[in-house]
């Protein structure tokens, strides 16, 4: 993994005539040439010495660094060439004439975003949204730290090449690797997408254990090297219990910072309500997904609104709401697979963007959003010490608070209890991964979503 760090306000201009190589013509091809760079202002540029691609999971000591020092107001002199060939790509490896401009001077400090499963289909849609500024804003430069596996490493290189070819001004740094202790270093956001799919004949308990081990290790890595206030979004399924495992293995990170993605379910519920009412999607608000990201999830129509009016007053067919609507949301992924031949990737990426933006932008007055969060301190009577999807609001600072003004009826309470019981059973299944003793697996039924197959 190799990295070139650029000042967050610096801008590229490839005036190669101003770049003079200070390395001799006999320098090894495996060396990183040193350059003298003439600049019109005095930005700072620092290189980190690359090291070979990792082919096993083992934490390395910090790489040696190469730093440029300003010798005059118009010249930066790089030191001797590095000894190893960098594992980096295009503009993330080369040195350019850097000029400060008014636009980039106003940019925020660079943000470190780690993504696991970075060579997968969901990431293939998500990474370009992150790099474009769609997620964190047009003045937020970003460093992407991409985690893959030995098997996917060549594909991960291809992803990095595509990011290079896309010329995103806000994308200031890309690093790739297979060791979470490297990739999660100083991460301020961790989007944990990678997980093992369910194979033929695999019991749900087996998948909970296999993926649980992945998220236990990633939790330990985040605990050791990530920013102390890192925000963690768990996408890999079963995401609620994976998020619980991850947070239990990261005691230095506030449990409140962990989320399980249920935003795609919320988006699907909004879509079906809008179609039934004959309105556009943006007229639907206050939709909650309660519980587990499984077929026990509860799309809440009781508290939802259309044009600010309770859904039950707009759509007066209660039977449709309880039966057809609920079933459509719960099984939408399976229907999509039958039509498309693969699980949802693009819409999942969109929902990740929505979920992050709900945390980094203030929630509109009177509205809320769904996210799977740690239940301790919740006002709904949900059992504590699990990760459960509930309605939340945010002030736009990355934090959230529970919504208090929600109503329940017998139907909604009964459905929520079923999902709660399922998550409590899953928790017992992974007790060996959360530090709570011996695992006892007695899952009530197989409610795994089709996309987990």
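In case you wondered, yes, glycine gets a Cβ from its N, Cα and C as well.
Of the residues 211, 252, Swiss-Prot places 211 in the same NADP(+) site as 117, 118, 119, 120, 121, 122, 123, 218, 235, 236, 237. The CA atom of residue 218 (NADP(+) binding site) is located 14 Å away from the CA atom of residue 237 (substrate binding site). The recorded positions listed here are 198, 204, 268, 293; among them, 293 has the most other Cβ atoms within 10 Å of its own Cβ. Residues near residue 429 (disulfide bond) in space but far in sequence (CB under 8 A, at least 6 apart, same chain), listed by position: 205, 208, 209, 241, 439, 440, 441, 443.
Cα of residue 236 (NADP(+) binding site) to Cα of residue 268 (substrate binding site): a distance of 19 Å. Neighbour density around each Cβ, counted as other Cβ atoms within 10 Å, peaks among the binding-site residues 117, 236 at 236.
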